[in-house]
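Feature list (source: TrEMBL):
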TRANSMEM  A:30-51  transmembrane segment
TRANSMEM  A:58-76  transmembrane segment
TRANSMEM  A:82-102  transmembrane segment
TRANSMEM  A:109-132  transmembrane segment
TRANSMEM  A:138-156  transmembrane segment
TRANSMEM  A:168-188  transmembrane segment
TRANSMEM  A:215-243  transmembrane segment
TRANSMEM  A:255-281  transmembrane segment
TRANSMEM  A:293-313  transmembrane segment
Amino acid sequence: MIQWAGLAVFLLAIFIAVPAFVVASGRSDLYYTLTSVALLSIASAGVWLTFYIGRINIGQGAFALIGAYVSAILVTKAGMSFWLSLPLAGLFAAAVAIVIGVPILRLRGVYFAMISLVLTQVVTLTALALPITNGAKGITSIPLPGGISIFGLTLIPDFATLENPRLAFYYAACVLMVLTFAAMYRLVNSRLGHLCRSMQQNEELASSIGVNISYIRVIVFSISSFLGGIGGAMFGSIAQSVYPSSFQVADSVNFMLNCFLGGLGYVFGPMLGTLVLYFGWDLLFELGRFQLLAYSSLLIILMLFLPNGLLSLRLPGKKGADR
Amino acid sequence: MSHLLEVRHVTRKFGGLTANSDISFNVNENEILSVIGPNGAGKSTLFKMISSFLPTTTGEVLFKGERISNLKPHVVARKGVVRTFQETTIFKSMTVRESIIVAQHLRARASLAGYFWGSRMAHEDVDSFGRYADDLIEFLGMTEIANEQASNLPQGNLRALGIAIGLATDPKVLLLDEPFAGMNHDETMKMVNLVRKVRDDRGVTVLLVEHDMPAVMNISDRIVVLNFGEMIAEGTPAEIQNNEKVIEAYLGSADDEIGI
Ligand SMILES: Nc1ncnc2c1ncn2[C@@H]1O[C@H](COP(=O)(O)OP(=O)(O)OP(=O)(O)O)[C@@H](O)[C@H]1O
Ligand SMILES: [Mg+2]
């Protein structure tokens, strides 16, 4: 019961209270910030899932970049609807993850982490080199998402005709985030989640009981990258442009930090972690050139004293993966 | 009659070291067969090859006439040949019951997607996993610790949990690597009876590696002896106890853990 009540409060907050607050305070820049948080948390959720099979993934920026490019290319070059390009961007990122994942997922610990760290740079360089991605100039003037209607019934309005596309993006990002985390919750509590947990704790033992660990690893990595691709595609659409530098190694590191901060044992960890880290960074802006120093120090202190993340402070009744 | 498990001319080299040299023996259905030998004799290596955790250098292992060596561990487990580990190997942050449920992976009928969407078959599976887990927990006498997290259990229980995880897969052949290690006399005797019960009630063929000689002599139908990677004897406990080569091998070794 408490969980359903919590969910209802959360939905009311993001879909009604936040827009109401923005209107009342006139701070419409908050939409952009919160939209970013929602999208970054989707990509972070993917990273969290790779943590769940015991792999430190510092490569999500690569898949976000892939997603952003795939969607941008489909929309600008093939004239496809953004809403169709979005799942395709995710699927393309997932397919790339399968190809890359088969060899690199055999590595564990720092070895996997180091290789994943290189991925973002590899995708950036690829984007610079390929003709279809338009090199350093990137892809610009991407049209806003069009509408979707079935039998004359408008499901999604054409963003270009809207008075306030920022609000529309905010809603779209929130819907995607809610879907993502609902799916994550489901996944973690289903058999795939249990198998992931067994692999995280002992891969050899998992394979001794018949778990095809290399298969599960690839499945999980591709789901993770699917989420990265979706997040990246949405970002590209909001910015209406994609550059090779749209996602960088630092972004990949942040996706990982979001998970650490929120708590690796809790499905909703990445959401909280992203929110806190994003706002935390902005709040420290006042410190000028000490911003990065203060930010890093705070992170280190937090991780020392809360090794299981912020959600380990959770109130009773709030349920994570670690039951 | 053909044998349930056939080890045929199996050799394993690690660089210049021959850990197993041309080992051949058969295992009959419903048998408890022990593999003994001094430290470093190659017992664990042999078990790892039987369960495909290590490839053989040459030779092969057959299960019901089919080759099971040089495959993947999960493929061999699927066929019904499952190993436990010499080092305590458990799912640390799962409870006993959770571990046993996860270990029933091979009994699942619904697909992973079916579990995600909550198909009827998945629900049936989950119910059946729970019932099977409770049965097994009772069978193993672990009811009291069923909901304890593994990391909180004492060593003796951990060995039992390792075996329980192996058993939960419903194997035809269970390979136990030092199941009595670190147990006192009483615990060992309980475990010996349990392993026998596993064979008698569940029809599981058991191969085990053990250093505890009284326990080995007590439990085994037959014994295979390795020394420096060579198989030096095979026979019933009585035969092995009186085998010259075996006595020599054990007397010659520095450790005197042997009490034949
Ligand atoms: N992965 C490996 N790489 C190199 N050498 C190995 C490897 N695994 C085992 N060995 C060597 O092979 C030999 C046999 O090892 P094994 O673990 O099979 O012995 P064992 O009979 O199980 O011994 P113990 O009773 O101590 O468990 C040893 O000399 C060991 O050092
Ligand atoms: Mg051994």
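A Cβ is built for glycine as well, from the same backbone N, Cα and C atoms used for every other residue.
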* Mind checking which residues reach the transmembrane segment (A:138-156)? Cβ under 8 Å, same chain, six or more beyond either end. -> 69, 72-73, 75-76, 81-83, 127, 165, 172, 236-237, 240-244, 246
* **Whether the transmembrane segment (A:168-188) meets the transmembrane segment (A:255-281): three or more C-beta pairs under 8 angstroms** => yes
* Any contact between the transmembrane segment (A:109-132) and the transmembrane segment (A:30-51), i.e. 3 or more CB pairs below 8 Å with pairs at least 6 residues apart? -> no
* **Within-chain partners of the transmembrane segment (A:58-76) [C-beta distance under 8 Å, separation at least 6 from its ends]** => 43-44, 46-47, 82, 84-86, 88-90, 92-93, 96-97, 113, 115-120, 122-124, 127, 132-133, 139, 141-143, 224-225, 228-233, 235-237, 241-242, 244, 246-249, 251-253, 255-256
* To do: Report yes or no: does the transmembrane segment (A:82-102) come within contact of the transmembrane segment (A:215-243), defined as 3 or more CB pairs under 8 Å with a sequence separation of 6 or more?
  => yes
